[in-house]
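> Sending over a structure as structure tokens; questions will come in a sec.
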Amino acid sequence: MAVPPTYADLGKSARDVFTKGYGFGLIKLDLKTKSENGLEFTSSGSANTETTKVTGSLETKYRWTEYGLTFTEKWNTDNTLGTEITVEDQLARGLKLTFDSSFSPNTGKKNAKIKTGYKREHVNLGCDVDFDIAGPSIRGALVLGYEGWLAGYQMNFETAKSRVTQSNFAVGYKTDEFQLHTNVNDGTEFGGSIYQKVNKKLETAVNLAWTAGNSNTRFGIAAKYQIDPDACFSAKVNNSSLIGLGYTQTLKPGIKLTLSALLDGKNVNAGGHKLGLGLEFQA
């Protein structure tokens with residue numbers, strides 16, 4: 001393992017088994033295109049079948065690879081505009097700098113962030129500064145890795161309050177076929193996950209979480225099976241007897257269909273189950 005993942009990506013393989021391939025209660029459409037000059041367009045829209053609320057977003061991205069620059073423009077149906085400029089591996093190898101800003105014309109709210117990330121063998125370091133009206137906040141994270149073992153720490157410091165408002169710690173072990181991840185958030189929330197790639201077609205995951213002072217433990221298991229190169233089936237269940245099912249099929253190159261359902265195992269005949277439909281086009 002040359003470079004460890006960022007703190008946010010610790011345990012990502014297990015989370016992906018639980019989250020990818022599902023879209024309960026949503027009808028979703030995604031479109032990705034790329035022009036000849038390298039300009040990338042990504043648009044998405046979704047409708048909530050319960051609230052009938054429709055949301056959408058548009059993103060354009062241009063990479064100036066000669067100078068390690070990436071320019072991104074974003075817009076969503078809440079009428080929030082965003083601009084992101086990233087420069088990577090230019091000032092120093094492994095160093096990534098990002099300026100991220102957003103503006104909402106309806107409310108006049110503005111936000112700006114400066115994100116820095118530095119990675120090299122055995123180390124992944126990040127520091128973000130969020131410039132808020134109430135006062136800047138600083139979020140820092142560090143992950144160390146050695147022979148598959150990982151240890152990470154994340155903190156958030158709010159200058160307006162002059163105190164640390166978040167303190168998280170994680171430990172894990174990672175190989176190509178197996179991953180173990182445990183974390184403690186603010187000394188009160190505990191979690192863990194296990195990821196196992198059984199073979200080329202089957203992936204499994206287990207997660208566990210609980211809060212200090214609360215006897216309610218959250219537990220779930222999930223699996224993803226690659227039926228063939230164009231189709232895969234996903235399933236998951238938790239200790240609340242909620243059963244999730246997902247099926248993804250590549251109809252033709254660039255067109256992908258996703259069907260999903262969330263069933264209440266305690267009230268199978270009572271209704272109230274959620275269905276989802278997703279279409280993804282890529283050209």
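Note: Cβ is positioned from N, Cα and C throughout, glycine not excepted.
Since we're looking at a predicted model, the values are computed, not measured.
From Swiss-Prot, for reference:
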MOD_RES   Ala2  N-acetylalanine
BINDING   Lys12, Lys20  ATP binding site
MOD_RES   Ser13  phosphoserine
MOD_RES   Lys20  N6-acetyllysine
TRANSMEM  69-76  transmembrane segment
TRANSMEM  80-89  transmembrane segment
MOD_RES   Lys109  N6-acetyllysine
TRANSMEM  111-120  transmembrane segment
TRANSMEM  123-130  transmembrane segment
TRANSMEM  163-175  transmembrane segment
TRANSMEM  178-185  transmembrane segment
MOD_RES   Ser193  phosphoserine
TRANSMEM  202-211  transmembrane segment
TRANSMEM  218-227  transmembrane segment
TRANSMEM  231-238  transmembrane segment
MOD_RES   Ser240  phosphoserine
TRANSMEM  242-251  transmembrane segment
BINDING   Leu242, Ile243, Gly244, Ser260, Ala261, Leu262, Leu263, Asp264  NAD(+) binding site
MOD_RES   Lys252  N6-acetyllysine
TRANSMEM  254-263  transmembrane segment
MOD_RES   Lys266  N6-acetyllysine
TRANSMEM  273-282  transmembrane segment
> Three-state secondary structure of Lys12 (ATP binding site) from DSSP?
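DSSP assigns Lys12 (ATP binding site) to helix.
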> Whole-number answer please: how many Å between the C-alpha atoms of Ala261 (NAD(+) binding site) and the residue listed as 'N-acetylalanine'?
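Given the Cα positions, Ala261 (NAD(+) binding site) is 39 Å from the residue listed as 'N-acetylalanine'.
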> Out of the recorded positions listed (Lys12, Lys20, Lys109, Lys266), which are within 10 Å of Leu242 (NAD(+) binding site), Cα to Cα?
Lys266
> Restricting to the modified residues Ala2, Ser13, Lys252, which ones have a CA within 10 Å of the CA of Ser260 (NAD(+) binding site)?
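Hits: none.
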> For the NAD(+) site given as Leu242, Ile243, Gly244, Ser260, Ala261, Leu262, Leu263, Asp264, which other residues of the same chain have their Cβ within 8 Å of the site's Cβ centre?
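Near the NAD(+) site, beyond Leu242, Ile243, Gly244, Ser260, Ala261, Leu262, Leu263, Asp264, sit Phe24, Leu245, His273, Lys274.
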> Work out the three-state DSSP category of the residue listed as 'N-acetylalanine'.
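The residue listed as 'N-acetylalanine' sits in coil per DSSP, no helix or strand.
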> Tell me which of the binding-site residues Lys12, Gly244, Leu262, Leu263 ends up closest to Ala2 (N-acetylalanine) in space, Cα to Cα.
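In terms of Cα distance, Ala2 (N-acetylalanine) lies closest to Lys12.
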> Do me a favour and check the Cα-Cα span between Lys20 (ATP binding site) and Ile243 (NAD(+) binding site); whole Å is fine.
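So the alpha carbons of Lys20 (ATP binding site) and Ile243 (NAD(+) binding site) sit roughly 15 Å from each other.
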> Are there residues at least 6 beyond the ends of the transmembrane segment (178-185) whose Cβ is under 8 Å from a Cβ of it, and what are they?
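Long-range Cβ neighbours of the transmembrane segment (178-185): 10-11, 13-14, 150, 166, 168-172, 191-197.
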> With a 10 Å radius around each C-beta, find which of these recorded positions (Ala2, Ile243) has the fewest other C-beta atoms nearby.
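Minimum Cβ neighbour count within 10 Å, taken over the recorded positions Ala2, Ile243, occurs at Ala2.
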> Tell me the Cα distance separating Lys252 (N6-acetyllysine) from Lys12 (ATP binding site), rounded to the nearest angstrom.
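The Cα atom of Lys12 (ATP binding site) is 28 Å away from the Cα atom of Lys252 (N6-acetyllysine).
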> Determine the most Cβ-crowded residue among the recorded positions Ser13, Ser193, Ser240, Ser260, using a 10 Å radius around each Cβ and all protein chains in the structure.
Ser193
> Near the transmembrane segment (123-130), which same-chain residues lie under 8 Å Cβ to Cβ, leaving out any that are not at least 6 residues past its ends?
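Tertiary neighbours of the transmembrane segment (123-130) are 3-7, 111-117, 136-145.
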